[in-house]
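Quick look at what TrEMBL annotates:
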- 24-47: transmembrane segment (TRANSMEM)
- 40-293: domain 'G-protein coupled receptors family 1 profile' (DOMAIN)
- 59-80: transmembrane segment (TRANSMEM)
- 92-121: transmembrane segment (TRANSMEM)
- 142-166: transmembrane segment (TRANSMEM)
- 200-226: transmembrane segment (TRANSMEM)
- 238-261: transmembrane segment (TRANSMEM)
- 281-304: transmembrane segment (TRANSMEM)
Amino acid sequence: MFLPLSTFSSSFMRLVDSLSGHRLLFFFLFLMAFVFALCSDGLVLIVICTRHSLHKPMYVFVAALLLNSLLGGFAVYPRLLRELLWESGSVLVTLSACACQAWVVYTVGGSAFMLLAAMAFDRYVAICRPLRYAALVSPRAVAALLLFCWLLPATMVLIIVLLAAFQPLCRSHINRLFCDLYSLNRLSCGGNAAQVSDVFAVFTSVATALLPVAFVLFSYSSILYVCLCRTRSFSGKALRTCLPHLLVFINYSACTAVELLQRRLHGADQPASSVLTSVLIVLAQSVLNPVVYGLNMSAITGYIRRLLGSRKTD
């Protein structure tokens, strides 16, 4: 049954406590990462929202992905920073709070892959089917894609979270930096409910991660083929618009691959390995994404320089 007052403990603080004198170092490391992500994502979002020339599908998808990243950061960093500053030993968290955090984190993760697939679709149509771009990537189509990219993962992940939360629980320890669905399922006693949850989790992973990844690979392979058949100037311009999306896609894919590999090697039973993997995922996604879009998209970079330059002049 669902017990909202049940509590679970995390190994992260015990790992930090074992590194005596380094608690403040961890605190400032995550604080700087959170502030950097907040300021950089917010700055790019402000530039995209306030500049009419950037109100194009490609930049709308970029803004959606950065907003997605901010939501994920708010789901992890504030609680983590409070625990680093005030807690010691194992950290206790209620089942309801753990389930909510897992829902937000995995919804954000699934939405990220789907948004990257939407970006790949935008670039594929713009480069490979330019005459149909206005019809296929209309404002209405962009709005529908955004809703689909957020609502589908949110709904599917919610079902998994509810299945996991209503199972009988036999364990109460999570070796993670944040609550995740895999660890939440491992707390259960097993049985038919756990098997149903596992099967639906695999189905959700295929729908929100594997299929978008396959579509991204197909889209950029088609773009590369078209570029090889065109002039050098056309190819250079086309590939430059795709490069930031590819870098972010590689970032998300690498983090997901590390996570899956760690589970495959039974790293969930090794607290240090499991915690360090989750630290890598949190830091890599929150820090690298705004850097990629802020530095590798010339239109955004130019507006940011003008904005910062005008403030210095004032």
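The chain as shown is numbered from 1 upward.
Glycine residues also receive a Cβ, built from the backbone N, Cα and C atoms like all the rest.
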Confidence summary (mean pLDDT) of the domain 'G-protein coupled receptors family 1 profile' (40-293): 83
Residue numbers, six or more beyond the limits of the transmembrane segment (200-226), whose CB comes under 8 Å of its CB atoms: 109-111, 113-114, 116-117, 120-121, 123-124, 127-128, 152-153, 156-157, 159-160, 163, 181, 185, 238-239, 242, 246, 249, 253, 256
Positions on the same chain near the transmembrane segment (92-121), where near means CB under 8 A and six or more residues out: 2-10, 58, 61-62, 64-65, 68-69, 71-72, 75-76, 79, 137, 145-146, 148-150, 152-154, 156-158, 160-161, 164-165, 169, 174, 178-181, 184, 204, 208-209, 211-213, 215-216, 219-220, 245, 248-249, 252, 256, 285
